[in-house]
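Engineer: In case it helps, Swiss-Prot gives these features for our protein:
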type: BINDING; residues: Asp41, Asp83; note: Mg(2+) 4 binding site
type: BINDING; residues: Asp41, Asp83, Asp215; note: Mg(2+) 3 binding site
type: BINDING; residues: Asp55, Asp83; note: Mg(2+) 2 binding site
type: BINDING; residues: Asp55, Asp128; note: Mg(2+) 1 binding site
type: BINDING; residues: His62, Glu268; note: substrate binding site
type: BINDING; residues: Gly127, Asp128, Ser217; note: ATP binding site
type: BINDING; residues: Asp218; note: Mg(2+) 5 binding site
Amino acid sequence: MSSGFKRPSPRTWRPKEEEELIELIVEACPTEGPRVKAGDDDAAVLPDGTVVNFDAMTRSRHVPKELRDRDLGWKFVASVVSDVGAMGGEPSFFGFSVCLDDEVDVEQLVLGISEGLREFGVSLIGGDVVEGEELVLSGTCLGKLKGEPLLMSNARPGDVVAVTGPLGGPNAFVRAILNGMEPEETLYERFARPRPPVEVGVELARGGYRAAVTDISDGLLAEAEAIARRSGVAIEIHTWKVPVDEGVEEVAQEFDVDPVDLALEGGEDYEFLICGPEDVVKEFGLTTIGRVTEGEGVRIVRNPRARSE
């Protein structure tokens, strides 16, 4: 999840502070014109259907030393492209600026960026390069929307809540390395080489489906709360239905936590969270993890018998 303005790192900002900062910026600046304005959703949508997204990474906040430069390049592209797909846009063009530090292997970083662009069918249109004390990557992706945007305000009571794939791997990887563990290579791959299901968003919009969609970059719980708030509904998440990445259970056992909690509270999964009619789940092979009801907020249901009637 993002917006026309990206939220600061969740490691240093609480959700309320993030929302207040975005509101401050949006209220202070002119925002007239777009169909979907800055701060309203995952990305901005211009009158002609162009979808625009911005994202940034810094070494100190987003890049653990275990992340290889080539994989950093890929991850950077994926993180920028993901929000365009979540809005229903087909990513087309990419520009980026980079502040290079003394640690980065520039050739490997560029190789990873190139691989990411080719993977998602995106062409480079320009950028800027400077040198500095810290590695900073800032990217912009433009895509084309064929249909209506997949707004986070589209959820309705009676909808199913679904995800495009398993979760928790990136969170388990980070927790493991911060505590001196050597996680499985599969967890590294999930953290370093995310593959957001852009084609799902594109086909949802092209097919005229009504769905609320966001990418899971800040964690399943946080993204569900964002959809519930923007749609004016309540969301139930049934934990026994949440798919968990391979290797998460081993890390969870080490820290005596429920593997599902690593999926709920993690981030950087870059799968899509989708709320929509039952036919959306069937058509796109999604995994149902809950339902949308009347009310507000998010309810975590851990016992099947505790479901709201």
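Yeah, the Cβs are placed from backbone N, Cα and C, and that goes for glycine too.
Not measured: the values here are computed from a predicted model.
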Engineer: Rounded to whole angstrom, what's the largest C-alpha distance between any two of Gly127, Asp128, Ser217, listed as binding ATP?
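Structural biologist: Roughly 26 Å, rounded to the nearest whole number.
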Engineer: Indicate the candidate from Asp55, Asp128, Asp215, Asp218, Glu268 with the smallest number of other Cβ atoms within 10 Å of its Cβ, considering only these binding-site residues.
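Structural biologist: Sparsest of the binding-site residues Asp55, Asp128, Asp215, Asp218, Glu268 by Cβ contacts within 10 Å: Asp128.
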Engineer: In angstrom units, rounded to an integer, how far apart are the Cα atoms of Asp215 (Mg(2+) 3 binding site) and Asp55 (Mg(2+) 2 binding site)?
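Structural biologist: If we compare the Cα positions of Asp215 (Mg(2+) 3 binding site) and Asp55 (Mg(2+) 2 binding site), the gap is 13 Å.
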Engineer: Listing them in sequence order, which of the binding-site residues Asp83, Gly127, Glu268 have their Cα within 10 Å of that of the residue listed as 'Mg(2+) 5 binding site'?
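Structural biologist: Correct set: Glu268.
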Engineer: For the C-alpha pair, I'd like the distance in angstrom between Ser217 (ATP binding site) and Glu268 (substrate binding site), rounded off.
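Structural biologist: Just about 4 Å between their Cα atoms.
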Engineer: Write down the Cα-Cα distance for Glu268 (substrate binding site) and Asp128 (Mg(2+) 1 binding site), rounded and given in Å.
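Structural biologist: That comes out at 26 Å between the alpha carbons.
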Engineer: Going along the chain, which residues six or more apart from Gly127 (ATP binding site) have their CB under 8 A from its CB?
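Structural biologist: Gly95, Phe96, Ser97, Val98 - these are the non-local Cβ neighbours of Gly127 (ATP binding site), listed in sequence order.
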Engineer: About how far apart, in whole Å, are the alpha carbons (Cα) of Glu268 (substrate binding site) and Asp55 (Mg(2+) 2 binding site)?
Structural biologist: 13
Engineer: Could you measure between His62 (substrate binding site) and Asp55 (Mg(2+) 2 binding site) for me? Cα positions, answer in whole angstrom.
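Structural biologist: Counting only the Cα atoms, the answer is 12 Å.
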Engineer: Do me a favour and check the Cα-Cα span between Asp55 (Mg(2+) 2 binding site) and Asp83 (Mg(2+) 4 binding site); whole Å is fine.
Structural biologist: 9
